[in-house]
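See below for the structure under consideration.
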Amino acid sequence: MEDTYNNRTSLAKGAKDMVKEAKRHATKKVNKVVDRATDEYSTHHNYSRFQDEEDEDEDFYRNPPRRDKESYPDNEEGSSDATEGHDDEDEIYEGEYQGIPSAGDGKHKEGQVALGQPVSDATRDRKELEQERQADEEELAQQYELIIQECGHGRFQWQLFLVLGLALMSDGVEVFVVGFVLPSAETDMCVPDSSSGWLGSVVYLGMMVGALFWGGMSDKVGRRQCLLICMSTNGFFAFLSSFVQGYGFFLLCRLIAGFGIGGAVPIVFSFFAEVLSREKRGEHLSWLCMFWMIGEIYASAMAWAIIPHYGWSFSMGSAYQFHSWRVFVVVCALPCVCAVVALTFMPESPRFYLEVGKHDEAWMILKQIHDTNMRARGQPEKVFTVNRIKVPKQLDELVEMESESGNPVSKVFFRIKAEINGIYHNLIKCFNYPMRENMVRLATVWLTLSFGYYGLSVWFPDVIKHLQADEYASKVKIHNNERIEDITFNFTLENQIHKNGLFINDRFISMKLKSVTFLESTFRNCYFEDVTSVGSFFRNCTFIDVSFFNTDIDDSKLIDGTEVINSTFVHNKTGCQITFDDDYSAYWVYFINFLGTLAVLPGNIVSALLMDKIGRLSMLGGSMVLSGISCFFLWFGTSESMMIFMLCLYNGLSISAWNSLDVVTTESFPTVRRGTGFGFCNALCKLAAVMGNLIFGSLVGITKAIPILMASSVLVGGGLVGLRLPDTRANVLM
């Protein structure tokens, strides 16, 4: 009786186990059918991970795997919300125990010995491990595309669009704030001509280093974290630069601010592309480019509205001056501050988390994207059905260890050295086969487009200023051999030249000298009080018994052998004086830049709407070639109105090239090197900007032929190279 009872109990238990196992495989098979149907409906592709599943199902009943008692849990209520509706054993995590394959299985998986024991990674070849990771990344790319399609495009993407747009806007502001501030800052800080122009070069150099460093770091520590750090760095030092008085400290602050904002462009495009499906990527990345143009418009409008208003300033004694251009610098830091605040509420890129093996964190963010979009659509009941995401194999890296006894400073420098070394090795991989040829072409296009664009951006305003200066000089009034006695000057003298004049017992009180030159003139028993001079000089003049009180006339204005005999200087103004009162040229220059940035708007809209219709490469090459051709018409620009028209035309044509180049660069690199590769290209952009500023700036007023021919040939050549790049429109993000 007892044996019979035991046999019945064993039989019942075995039957129960078989029912559970059959139920588990039936559920698994249903899930496979659903996945396959979704796959065919979404992309009409068959992926390698589904090829042998039918054979595995048939082999199960022929060669069932050995299982112990723990493989059959008595209750199934321990599943988490993340896997609701699915068996726990269906979850596949990196490093999870998968059981021992049956000894009768005739096929052994790659990386396993005949006995079914997995081979340790330490005993396998590095190349073999990298090939395995490459296969995992290809599988993940296909699966991730389906997941993003399931999450949909909606509220989450638009929220991230606005946040990243603020960061990109800050980069556009930083580029143009330098050009707008440069004349005023150098005048206000008494910068000699030998040191002028350093501000523009220093900021671009900081942005060049920052693009390479922060782009590489975003591939190691994350998009969001790096963007937060670099934007905070820019905002703090940009704000600080508005208060420092010395030119050296001002250069240092702008250098560090440029280093911070340099990482914005590569990180922003990498981040946003990783939450977009393939069908939406080209169009919405192009819309994102519009924020860089908005940054240009914002900087131009603020410069036009603030800098010429000299009254928007205050002083604390004669040593500390806070002029209107400093107010402009503070206002231009506001988009960066807003971007930092908004970015704290956004999650990390789920694609980055999957690349570094953080499956659960990536799953939670993808579920957040799905739920946010579904609630916005009025479908909150729709469930996020994904419960398995492929995680690429994580490869160990050789890291040099620092001694525990080292001081904190040495540890910081050691960490920086290690990170830079990692960025360097990641960058070298961008030039390995099969990416080498495409990388060289990309670099060539970035160099040529940046050189032509930034070079002409400097040349256009300077040429217009040169035309204005020529027109202003043609209206100068010349006074020869005049004799003036007992006259009080309390009004403004402007654009005049006084030769061989004699001034006796004259009083110059509360007046301004604007672009006035006194040549070989004599002043006897004269009195100067509260006099401000801008662009005015006394050349080879003689001052006899003259009193100066609260004026800015000093040795820098008394030049070319000017003699001062028995004269006194009391309470002279310190520092250089800057004024924009009634300065028509200042308003006009900022207004011209404002018009040039507004001309970008139509080209930006057209490029966004046509990016996926005519293709990235056609738009890139065509835009660069047309921009180069438009440069030839500059030959006929003999007036301000003609030059302004050509500036607007050039800006409108070139913006499509920038948008398509950003999209192509984003789609050309795998996720593990996207920030590094984009950062390198953006660093070349800033290097070309420095070269363009120096070369084109030196040719202003000398000749028009060389800048026109140089810009045209460079842009046309770069456009032809761009047409040879591979088409990335059909790519999934690897």
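In case you wondered, yes, glycine gets a Cβ from its N, Cα and C as well.
All annotation found in TrEMBL is predicted automatically rather than curated by experts.
The shown structure was predicted, so the numbers you read here are calculated from the model rather than taken from an experiment.
The compositional bias 'Polar residues' annotation in TrEMBL covers 1-10.
Residues annotated as compositional bias 'Basic residues' in TrEMBL: 22-31.
Among the features that TrEMBL reports, compositional bias 'Basic and acidic residues' is placed at 32-43 (among others).
For 122-134 (among others), the entry in TrEMBL reads compositional bias 'Basic and acidic residues'.
Summed and averaged per residue, pLDDT over the domain 'Major facilitator superfamily (MFS) profile' (160-729) gives 84. Feature annotation from TrEMBL assigns domain 'Major facilitator superfamily (MFS) profile' to 160-729.
Per TrEMBL, the feature region 'Disordered' maps to 1-136.
Taken from TrEMBL, the feature transmembrane segment covers 160-183 (among others).
Per TrEMBL, the feature transmembrane segment maps to 195-214 (among others).
Taken from TrEMBL, the feature transmembrane segment covers 226-243 (among others).
Look at TrEMBL and you will find 249-273 (among others) tagged as transmembrane segment.
Residues annotated as transmembrane segment in TrEMBL: 285-307 (among others).
Remote same-chain residues near the transmembrane segment (327-346) are listed as 159-160, 162-163, 166-167, 169-170, 173-174, 177, 180-181, 224, 227-228, 231-232, 234-235, 238-239, 241-242, 261, 295, 298-299, 302-303, 306-307, 312-313 (criterion: CB distance under 8 Å, separation of at least six residues from the stretch ends). According to TrEMBL, the transmembrane segment annotation covers 327-346 (among others).
Look at TrEMBL and you will find 439-460 (among others) tagged as transmembrane segment.
Residues or ranges marked as transmembrane segment in TrEMBL: 587-610 (among others).
Per TrEMBL, the feature transmembrane segment maps to 617-636 (among others).
As annotated by TrEMBL, transmembrane segment applies to 642-664 (among others). Beyond the transmembrane segment (642-664), the same-chain residues lying 6 or more positions past its ends with a Cβ under 8 Å from any Cβ of the stretch are 265, 269, 281-282, 285-286, 289, 292-293, 442, 445-446, 449, 452-453, 456, 460, 463-464, 467, 592, 595-600, 602-604, 606-608, 611, 616-617, 619-620, 622-624, 626-627, 630-631, 633-634, 636, 719, 722, 725, 728.
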CB contact flag for the transmembrane segment (587-610) and the transmembrane segment (285-307), at least three pairs under 8 A: yes
Stretch in 285-307, 617-636, 705-725 most in contact with the transmembrane segment (249-273), if contact is a CB pair under 8 A: 285-307
Proximity verdict for the transmembrane segment (705-725) and the transmembrane segment (226-243), three or more C-beta pairs under 8 Å: no
Distal contacts, the transmembrane segment (160-183) - CB-CB under 8 A, six or more residues away: 197, 199-200, 203-204, 207, 227, 231, 234-235, 238, 254, 257-258, 261, 264-265, 267-268, 271-272, 275, 284, 287-296, 298-300, 303, 307, 325, 328-329, 332, 335-336, 338-339, 342-343, 345-346, 457-458, 461, 590, 593
Same-chain residues at least 6 beyond the ends of the transmembrane segment (226-243) whose Cβ lies under 8 Å from its Cβ atoms: 167, 170, 174, 210, 214, 217-218, 250, 253-254, 256-264, 267-268, 271, 322, 326-327, 329-330, 332-333, 336-337, 339-340, 343-344, 675
Which of 285-307, 439-460, 617-636 contacts the transmembrane segment (676-699) most, counting Cβ pairs under 8 Å: 439-460
